[in-house]
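Here is what TrEMBL says about this protein:
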type	residues	note
TRANSMEM	12-31	transmembrane segment
TRANSMEM	37-61	transmembrane segment
TRANSMEM	68-89	transmembrane segment
TRANSMEM	101-124	transmembrane segment
TRANSMEM	136-164	transmembrane segment
TRANSMEM	208-233	transmembrane segment
TRANSMEM	296-322	transmembrane segment
TRANSMEM	328-350	transmembrane segment
TRANSMEM	362-382	transmembrane segment
TRANSMEM	452-470	transmembrane segment
TRANSMEM	521-542	transmembrane segment
Amino acid sequence: MFAVSSQILNLICTYFDFYCIFLSGSALIYLKGPKFLIYVSGALSMWGDRMWHFAISVFLIELYGRNLLLTAVFGLVVAGSVLLLGALIGDWVDRNPRNKVAHASLFIQNISVTLCSIVLMLVFSYKQRIEQIWDGWLTVVCYTVVIVLADVANLASTALTIAIQRDWIVVITGYNRGHLAGMNATMRRIDQVTNILAPLAVGQVMTLASNVVGCGFILGWNLVSLLVEFFFLSRVYRIVPALSVKAPVVELDQVYLVNKVKVERGSTTSPEGWAIQTDGENTCKDGWRAYYRQPVFLAGLGLAFLYTTVLGFDCITTGYAYTQGISGSLLSLLMGVSAITGLMGTVMFTRLRKTYGLVNTGIISSCLHLGCLLLCVCSVFAPGSPMDLSLLMPYNSNSSTDFGRMAGQRQKHTYPLRGGSNQPLLPDRSSIHWTNNTVLFDNVPSGTEPESYTSIILLFLGVITARIGLWSFDLTVTQLLQENICESERGVVNGVQSSMNYLMDLLHFIMVISAPQPQHFGILVIISVLFITTGHTMYFLYAHKKTFAFCSGGEPGITTKTLPRRV
């Protein structure tokens, strides 16, 4: 009996050893596989991007005497460059081999950030000396170099995102919809986590040490990240042979420009230069035409409309919350909760897609997103809301009574500034919490508090819960673009999509500039909901057309064929 029990025990141990070996082998295979390498490479890239985007805004504020001018100029340059060059970037991605595009974009991005960090370290270390050279013009040159290098890094990051997240992933998954949805969701989860943790990490370095140390930290990170990402992407390219096969871009009129230049012999402009300029203009036009004729045009345009909103955790919404008596620590906590709801949206996307299909997932996500945003609309009219439409009406200088009434209303829900007129924009560094896209304070002014916190509670409840539907909808449209755009046009169409996103994002900043007071924020909320509703309506129209086409002829697979670029 004892011998039998011993044999059974040995047999169980043997099977357990084989199971452990199998698991270790499976784990090792996964760790060496292309998916894991893409995840690690993407995490490193996203972490570096989030750190840099946060730090550069803070650095520019510090450089220009705690003024927002340089930050505003930088934001305008970044948005304008992607808006103008998005189609050209995408076309470059389409026309070149995948490994060269990824390596070039990665190298340009990281080297630009490294050079920019070096310039910033020199400026912070020798700022007083630099201001005395060339009557201060050397300082202007340094500011220009920093903004240009940061803009180049952002353009390279856009190209890398289009190449990896819009093209490589589709090929790696073997055009399998289920695997594609899983990789998209995982990449978005990584992005959500780094969006919170990366700014906090670099912010702590800047707070505990100095700006120079912060620049050095970013510099070192980018150099290490460059080597690791380069190695991982090269290995993925070797593991997946399909990445080396790329459909060529078909042109219908490749010799049109050459023939036209030969006719214009009397022109004083260099034919070669004129041809290059005209070719660039035609590439942009062709890119926008290609975007317009895509079957998912309405879905992509609807996604772009969602960027025209103040209902997110950016500097505008958090700044408004600060004027309503919300402390920096509470705002940081709310941002963490919003990240969790964003992760919930990625989980919901994978579940809904399996159960109801991709198009219906977008419809459900849209309805959930709009339903949650109704809470934000209710907050505009709830107790404690500072909205006052009279501030938008012309002011009559002859009525001192009206002036007193309006001035009182202006201060009703906002905190007064303390100190003299020369008070700096930001307090001492020791009182600052560095968080994503904004600067928050511990020492909230003890001015007049809101009559009720009902409005601000409803606002953030709507913003936080809406992120579940928002990120599920974003993933839906992203996969629709991946599945329905032909391989030869993935780059240019996604480049135009990036341009549209930046264009609509610019509109929301213009909205804030037009109505900057906290009393105007309710109007901005209503306008934002209208834009979001318009975007989702466009998706509903796309879904209706898609459903009609499916009933007529069935649902096609992922598009891989090559189509002519010009029509």
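Indices start at 1 and increase along the chain as displayed.
Backbone N, Cα and C atoms are what each Cβ position is placed from, and that goes for glycine too.
Here the transmembrane segment (452-470) has long-range neighbours at 306, 311-313, 317, 321, 324-326, 334, 337-338, 341-342, 344-345, 348, 365-380, 382-386, 525, meaning same-chain residues at least 6 beyond its ends whose C-beta is under 8 angstroms from one of its own. Using a cut-off of 8 Å between Cβ atoms, the transmembrane segment (101-124) and the transmembrane segment (37-61) share at least three residue pairs, counting only pairs 6 or more apart in sequence. The largest share of C-beta pairs under 8 angstroms with the transmembrane segment (68-89) comes from 37-61, of the ranges 37-61, 296-322, 362-382, 521-542. By the Cβ criterion (under 8 Å, sequence separation of 6 or more), the transmembrane segment (296-322) is not in contact with the transmembrane segment (37-61), since fewer than 3 such pairs are found.
Proximity of distant same-chain residues to the transmembrane segment (521-542), defined by a Cβ-Cβ separation under 8 Å and at least 6 residues beyond the stretch ends, is recorded for 296-299, 301-306, 308-311, 320, 362-363, 366, 369-370, 373, 376-377, 379-381, 385-387, 389, 392, 459, 473, 477, 504, 508, 511-512, 515.
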